[in-house]
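A.B. asks: Below is one structure. I have some questions about it.
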């Protein structure tokens, strides 16, 4: 096995599964929730002596999950082949990816409200193939629910997480179609066990609680939908997002709360230990990029002059490595270890530049004064 394939496989087993689940799990959960909801609606009530309903529902989870993961594995293998052959990144821009996440988040929340029967209008939030397609599938197969997991599994190439983007960049850099395909195949295969286990356990819990399944599934969809929506808002550079609301409220009550000012350090860079009322005197800002976000995540910089932003990684492997400033269309895929310098053009006083990871999960802001 090529060393790069082994690296990709280990990355998938260790960090890829959870990272992919956070971004893409909502698609599969939505599909499974709709399927199990339909089964519960059409299933005859069990007699008092029968106790197989939960186990039957649990068994029915295996096929759609495996179909989803199989389609995802195939789609990413094809993508890896294309990246290796063309030597170019075939991905959406951060803004387009953010808009897609917002749409997915709205769909997930709407589907959850449909399951809770909040209002008839939410019946439109239900992903189903056209009636003609459904009838054709039923004539060919007894199972008519396989299409949705296959389609959604293939669609995951449109919303790769930060770890996946690193593997895509690695596949692109090989310049070899076979090696590129092998890298993304190995990574996706490695991420599949964690993805499968988390999804199965989550939906199995709902199957064992069939009496309240709709509420359990809907609650999970609402949480995932809001999380996806928040990430999309961060990716498009929205000044307002769910994750920033507490901090915005705190700043409204006490202006300046949480902002970190800088003074010159001994090496000409920035010291993150300056007093909060210190006047920024340097045009260099240093931000530590860790697996759990950015430190500091709120900084001040001088206005009306170029600023150098130094991003330092020390063994970082999370999505925080995929650094974005949406309003400037500025992005960088950081190495696991090293220093990356980005040049920020002069900004007007009072400008607030939001920065985020490629998942919209870790965020921060640079305020110019």
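For all residues, glycine too, the Cβ spot is worked out from N, Cα and C.
The transmembrane segment annotation in TrEMBL covers 6-33, 65-86, 98-116, 147-172, 178-201, 213-229. What TrEMBL records for 8-227 is domain 'Urease accessory protein UreH-like transmembrane'. Annotation comment: TrEMBL describes 282-367 as domain 'EfeO-type cupredoxin-like'.
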A.B. asks: In the domain 'EfeO-type cupredoxin-like' (282-367), how many residues does DSSP call helix, how many strand, and how many coil?
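C.D. replies: Final tally across the stretch: 6 helix, 49 strand, 31 coil.
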A.B. asks: Where does the mean pLDDT land for the domain 'EfeO-type cupredoxin-like' (282-367)?
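C.D. replies: Summarising the domain 'EfeO-type cupredoxin-like' (282-367) by its mean pLDDT gives 89.
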